[in-house]
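This report concerns only the one structure given below.
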Amino acid sequence: MSNFRDSSSPRRGYSEFDPESGEGLGRKKSLIRPERSRMDESHPRFHYTQVANQESNHIKVQPSSTGVDPRKSNELSTSRSHLSNYATPPHQEEEEDEGIPLMDIHNASPNVSSDQNNDLKGGREVYGLNDEINDYGSSPKKNQVISSSRPMNNEKPAKPKHDIYFWKVYCYAITFWAPAPLLKLFGLPTKDRQFAWREKIGLISCILYVGAFVAYLTFGFTKTVCSSQVVRTQINHVNGGYLIINGRAYDLTSSQHPKAAGIQAGSNVLYPPMNAGGKDASFLFQNVNGNCKGLIKPRDNCSIPYDGDELAWYMPCRLFNQDGSTKPNNTFAYYKGWACHTSETARDAYYKLKVNGDVYFTWDDVKNSSRNLVVYSGNVLDLDLINWIETDDVTYPELFDKLRDDETYRGLDISLVLTNSEERQAARCLTEIIKVGSIDTDTIGCIASKVVLYMSLVFILSVVVVKFIMACWFKWVTSRKQGATMYDSKAWAKRNREIEDWVDHDHGIGAEVKTVPVKARANYKAAKTNRQSVFHRAQKLSLGPNADLSQYYDNPNALSKTFKYTTMSTQAALLGRNGYGKRGNNANKSVSGGFNGRQSNLYLTDQGSSTDLLNRPVSSYNPFDSMGDDSIVINGLSPDIIHPDVVPQPPVEYQPFGYPLAHTINLVTCYSEDEEGIRITLDSIATTDYPNSHKLILVICDGIIKGSGNDETTPDIVLDMMSDLTVPRDEVEAYSYVAVAQGSKRHNMAKVYAGFYKYNDETVPPEKQQRIPMITIVKCGTPEEASAPKPGNRGKRDSQIILMSFLQKVVFDERMTSLEYEMLQSIWRITGLMAEFYEIVLMVDADTKVFPDSLTHMVAEMVKDPTIMGLCGETKISNKAQTWVTAIQVFEYYISHHQAKAFESIFGGVTCLPGCFCMYRIKAPKGSDGYWVPILANPDIVERYSDNVVDTLHRKNLLLLGEDRYLSSLMLRTFPTRKQVFVPKAACKTVVPDKFKVLLSQRRRWINSTVHNLFELVLVKDLCGTFCFSMQFVIFIELIGTLVLPAAITFTIYVIIVAIVSKPTPVMSLVLLAVIFGLPGCLIVITVSSLSYLVYFVIYLFALPIWNFVLPSYAYWKFDDFSWGETRTVAGGDKGDHSAVEGKFDSSKIAMKRWREWERERRSTENRKQQQQQQLTNNSSNNLAVPGAAWDPSNTGGNLIDDLSQGSSSGSS
């Protein structure tokens, strides 16, 4: 396909965020040619390429900047999706360089024939997928169901076993002692449960391995590599119980000396009369005739016994003080050679003495000016002892005197000074006769242990300090610039105090809900004037209130310069000058005035057809509006089904917060919540200050569930909060869809209720009630499970997939289930918008209250930076001081946001966007040519998140317990170069568990899902940074830290106890602990707006054994528990998981058609009904014409938006 870039195309503001949207040449981001990459199911762009290839006959796909086109591939796979029925083509590497033109703002490709242009077969323009052609031979049959080259009853082709073979063998090997019968006896009847238990034991063993390694590294490594069993004693500190001989200390306290001259038999030489204790006796056991042989020679008149060059001794055999203060004395006490121990018996007795320690000198000792000491090869030599040599009897080399007399050598290491062989032999000789000890040095092992210790210390401190610094930077600099408004320091601190006041007391200036103009209120009805006139199309619609915008179309670049950022609405405005709506013979046809095909159809009107694209005071813009005969081609949904009281759409240039508004779906998933919890959530979303024209509430009830303590089922509670339903409540039908489950539960049914949110005047005053469109989807289950305890229940992930799969079908114009078509039609009924208009999804749990301006700041961040694919706000605790269980959670919540998420947000890689309050981008603008990149609606996200094959412990923990965190991880894996950030300006509050058993159950799910998601993320190689300075390495450290939490807190307590009861005090360990636990406390003092958090910090410290030992240990032992436990309880329900397989999936019950086929079928049915009715009424001629728009702007009096001043004078009904 051709590239739609044009040299004259305007460059809008969002391009600055996307450096790849320029015209520069060169390969981007990767040294590997993506077109040569391996294309299999493990590739992050695999499913996207499948869909792009399958739907390439009616959508345009922009190749990446590397030239890769997913539609042109030689490698195709036979694998198929479990939610769709497309074939498997290849994919391309860089998703940022590819896109789908949800709006082509330039001319059609020159390579596309004119016929294709007329039918829009070759491309996809504006917001729709216009693949309808006159020849229906290639269209799917009306009753076509899911088809495939293989039976759909098979859940999914089995994966090769070789990748998990080793793990299975290991699990069976380590649990060999627990045979299957024994496990069955202990309540594990099925093979799946038994193998899950074996996997649990295998994972626990791995955790023990990691903990043992950390323990060894902390306590055992030094002892292993630096295991010096000999005690080392510093010189001048050798006490009287030891005798020093040749630099070694001997314990002679229990020795007995044989009878000798002056010595009685059995006496101890350490005591009187010898008094040798603590002295140096090296001259009493001289090393002679070794290295000194040939150097120290006898004189001719030598009185020392000798044999050739061998001498009996060199110095007089006397004791001298260890401090070297003894002067030379060449006399003998009793006779010549007395005490020299030259006999074989004396020598053997000496050699058998046990060495109790080495005597060592520090460098300060060596440099002692009172002694003449030098170091040679680690040995300390006392050169003054040369003076003891009996020079009258022997001769020695002149080098001895030179070394002794040269002051420059004193206190130095002379190992490198003595270089030639003669000098080295002389040095070895001196080592044998005048060595007094060893220099204070460590062995290689000891040095290595210290290096490891200090490197670990530096690394841990670096991580902690860098996180602290980054968190402070984020708080003081980055966060103030986020969102719709930039605050200075004082205003930012004031806002934080307002949020805290709102959390604690549910009031505050910033939390006040604004008054709503009368005509925008929930109780205002169009029927108050003339409801039927809304549908009357007797007169042509004109430019009306937006006439001032016509100036932009005289200057092609004027409008594009108006919009700094890109949204679907701004691109709709740009259509006016690019001739959208040229179809067949109507392309150059003037309906209300003459204009050619290049002119906008801004003024184009038609009976039951398009109106002014910008002049839409009612939000009834249908990008598929018919411009031909509907009996031949279905180009759009019928405008006659639009609700008369839809919320008006403001002009496209309306920017109340300084950025173009983006349409947002507010998804609220419900399970067993009570009325109060659901009402609080829906009230807070409905009353946010974000314009109600751009927000839609979508509530999905996960089954017919009655929460514990509730009088009604959850669906009934929600439906009681709706009014003005498009279809009466008791007439709504159930529609089929493919659920995220296995076996017969893959077929599920749901009902779609469309209307508007119904406030309670006691919770929200009438003057503050915005009119909000609302859709409720109730998963009611198939008729076969009507009597089951929880009919329709498939889990929260299935609820999310209902929306995500629907958005994918809309973006790619794929075949839809009947439920998805009903969703498309319901959105059209209550908003007048096609679903493609929506760009953002806010996900909120049904027990969360949102701060009034949170949605505004979150959408602002999305619109201003198209590279952001997901973000989250701050979750506050509303019941802080309810019990000790809630109190210990306050600081944990705070630090997880303002340290962990703040640090990750600096690098755009927040690893967990909490499902209770987060926002995802459905699609992102790409370049200036109208292309959009599917994000949340990306097939790779939808297919992998909807995976129903959960046959391993790892996948069950990912998909059944931690689906919210898994979605965040999946987004980072699929789009590693895009951002997930934290926006503290957006705040919400929720009620946390107040009972320990509930907290235990909740954290069991969170911890286990965290471990498995971190393991997934640590394998992502494309995250920012390199080696140790990368998010991947930080995630690896976080994974190890999570696994060893129980061991770490045990080591911490041990170190503290050792520091108290023993010596020496482990100073470094205590400093490390102080930094690790102290910096978070400093973070509170520096950044928090309420000092009460310091109290909760102290409480958190006392609760550390619970957080770091009790909770993770319990979670690890419950690795094979996939239930939600005590977190969500239902009346009469169980706590089972959604992984059970029951029955077989019958695909024939689920029809899959494109939305046009569904619409054609609906219109045909209605036409038949009308014909039958006309026959019954004798063809009455007073029927109303089919309406084409939901609102006549001539009724507004020229005003699109009511002024607040009207609120005082206008009434409401």
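Keep in mind that glycine also has a Cβ here, set from the backbone N, Cα and C atoms.
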Transmembrane segment per Swiss-Prot - which of 169-189, 820-840: 169-189
Same membrane side per Swiss-Prot: LEU319 vs PHE1102: yes
Candidate annotated as N-linked glycosylation site in Swiss-Prot, where the set is ASN368, ASN1008, ASN1179: ASN1008
For the topological domain 'Extracellular' (190-200), the number of residues DSSP places in helix, strand and coil: 10 helix, 0 strand, 1 coil
Intrachain neighbours beyond the topological domain 'Extracellular' (190-200), with Cβ under 8 angstroms and 6 or more residues off its ends: 167-168, 171-172, 174-175, 178, 180, 183-184, 951-954, 956, 1117, 1119-1120
Model confidence over the topological domain 'Extracellular' (190-200), averaged pLDDT: 92
Count of other CB atoms lying within 10 Å of the CB belonging to ASN1008 (N-linked glycosylation site): 26
Long-range neighbours of the topological domain 'Extracellular' (1061-1065), counting only residues six or more past its ends (CB under 8 A): none
